[in-house]
Amino acid sequence: MPQHRALEQWVDQVASITRPDRIHWCDGSEEEYQVLIEGMLRDGTLIGLNHQRYPGCYLHRSHPSDVARTEHLTFICTSRKEDAGPTNNWMEPKEARAQVGKLFEGSMKGRTMFVVPYLMGPAGSPYSKIGVEITDSPYVVVNMRIMTRMGKVALERLGESDSFVRGLHSLGDLSPDRRFILHFPEERLIWSIGSGYGGNALLGKKCHALRIASWIGREEGWLAEHTLIIGVEDPSGQVTYMAAAFPSACGKTNLAMLVAPLQLSGYKVWTVGDDIAWLHVGPDGRLRAINPEAGFFGVAPGTSVKTNSNMLAAIDRNVIFTNVAVTPDGEPWWEGKDPTPPNGLVDWQGNPWTPGEGAAAHPNSRFTVPARQCPSISPHWEDPEGVPISAIIFGGRRARVAPLVYQSYSWQHGVFVGAGMASETTAAQSGAVGVTRRDPMAMIPFCGYNMADYFAHWLDMGQRIAHPPAIFHVNWFRTDTQGRFLWPGFGENIRVLKWILERVQGQGKAAETPIGFVPTSDALEMDGLSLPAGAMDELLRIDADAWAAEHAEQGLFFDRLAARLPVQIRQEHDMLRQRLSRLSAT
Ligand code: SAT
Ligand code: MN
């Protein structure tokens, strides 16, 4: 009798449609990984890098039209349109199956079909979930091996069960005209065709661990969030855990690996995760976070000794680079790695590069690296019960409006702060860069159901956590009138984390403002950092006109969700207006 009957049935059914030449069940072993790498080196999918300086590192150049997530081709296919909500693209499930199903017919002819069982979450954790991705891309398989616990470990946990998230992926013909990323949350099913790029193709990540998991989390009473997880150790050795939600390419990975400057070297940041957290109410009444991933899929440009020395130390071995440039010595290179680019670079598309020609590495070029290689990885990153979260931090990329940091008044107000978030777009998704868009909890591209129901679920979670985390908002990206950043960011962000830590402990100086508790101008530790005159006041200033405009923008967004918007969000929005009107009156 077959051991994994439901899985085998599904594999047979997929094979009869996609008609691969071969089927390979992945065991996740090192030998299997090496065989796949060698095959890809032979057919040019991968290029070897300098093996003395970068052992086990390879470069993949993706199709130039396939370099970022494509949100306009990403759909939530629920039986009722209202369940996907106005912020998601929706397709009726039957219609989606008919339209996109055709594209899978014979799509794997001439190719090997890989069956990739994987676990999201630590092997021994009750909170982990099983998925299986069927793909015709060996590049996806080797990335999945880094990003998840893949192969035997997942099959063993699956046993006879038919409870796993099914993910079907085919490169198809890589044409954006025939590219679809479909989610059927009611069936725990994902279909992705026409893209080999990260978030579109590594189905364990955004598709499973966020879109499908957010749906399951609402049913089961937990949260799947687009947040990093860190432990902040203070000089007494006590570690306080925090989760921070920022949109893609807004600095989650750098914050997760922060190194404090000399003056605050008694503080240390431990990395638990850099992108996704699954948050459950633990038996101790605290919110417990696990990182469902086993690796980092980070943005390369801007990664340097200054911005993220931990990551730089992690990515010199066993890494798959995607769309970076290469030096004549076969070393990976990207903008910001060194102050001046070396001579003789080959750009991300494989052409000789000369300065002034545009970026040598694609702005969304990436590295895939095992989390355990990170020098700051927390000793607790695989704890089955997760780490207890004391603070949740929301943040966006805002040139104006949002101050450097503020604290919400309560859980309900904090949920409103997350719901009212906005951020300027980055190269992580295709489309215009630098446009401000509403991005509640940094989940606008990743929430697998109606955003209004999602806010209701957050509010409900607050009722169920005996010791709820305090909720904050940060903005590292505020600029002066000349467009220069007012805050140095990176390691200096520890000063903000220190204030957050103090607030959690019932200390830390703050002023009550219409938007929440804002640090007084002397509240942040500034030893060793001198800002230009007036910069701190500007960073902490609540501008009445800017906030009035912000309030109106929030209102327009909430109107879109009106049909299901929880009354508490409206109330908080009204209370903000009242508090702001007092500000402009003074
Ligand atoms: O491409 S991913 O979606 O995995 C990365 C990101 O955009 O956050
Ligand atoms: Mn992300």
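Positions of Cβ are set from backbone N, Cα and C atoms, glycine also.
TrEMBL lists 9-218 with the feature domain 'Phosphoenolpyruvate carboxykinase GTP-utilising N-terminal'.
What TrEMBL records for Arg69, Tyr197, Gly198, Gly199, Ser248, Asn364, Ser365, Arg366 is substrate binding site. Cβ neighbours within 10 Å of Arg366 (substrate binding site), excluding its own Cβ and spanning all shown chains: 29.
Taken from TrEMBL, the feature Mn(2+) binding site covers Lys206, His226, Asp275. Counting only residues at least six positions away in the same chain, the Cβ atoms of Arg69, Gly199, Pro445, Phe446 sit under 8 Å from the Cβ of Lys206 (Mn(2+) binding site).
Residues or ranges marked as domain 'Phosphoenolpyruvate carboxykinase C-terminal P-loop' in TrEMBL: 222-579.
Residues annotated as GTP binding site in TrEMBL: Ala249, Cys250, Gly251, Lys252, Thr253, Asn254, Arg366, Arg397, Phe490, Gly491, Glu492, Asn493. The DSSP secondary structure for Ala249 (GTP binding site) is coil. Cβ contacts within 10 Å of Ala249 (GTP binding site), excluding its own Cβ and spanning all protein chains shown: 22.
Around Cys250 (active site), the same-chain residues six or more apart in sequence whose CB sits under 8 Å from its CB are Gly395, Gly396, Arg397, Ser423, Thr426, Ala442, Phe477, listed in sequence order. Residues or ranges marked as active site in TrEMBL: Cys250.
The 6 Å Cβ screen around ligand 2 retains Ser248 from the recorded positions Gly198, Ser248, Ala249, Cys250, Asn364, Phe490, ordered by sequence position. Take Ala249, Cys250, Gly251, Lys252, Thr253, Asn254, Arg366, Arg397, Phe490, Gly491, Glu492, Asn493, the residues named in the record as contacts for GTP: the widest Cα to Cα gap among them comes to 25 Å. For the binding-site residues given as Tyr197, Phe490, the lowest number of other CB atoms within 10 Å of the residue's CB is seen at Phe490. According to DSSP, Asp275 (Mn(2+) binding site) is assigned to coil rather than to any helix or strand.
Listed binding-site residues: Gly199, Asn364, Phe490. Those with a CB atom under 6 Å from ligand 1: Gly199. Geometry remark: Glu492 (GTP binding site) versus Tyr197 (substrate binding site), CA distance 33 Å.
For the binding-site residues Tyr197, Gly198, His226, Ser365, a Cα to Cα distance of within 10 angstroms from Ala249 (GTP binding site) holds for none.
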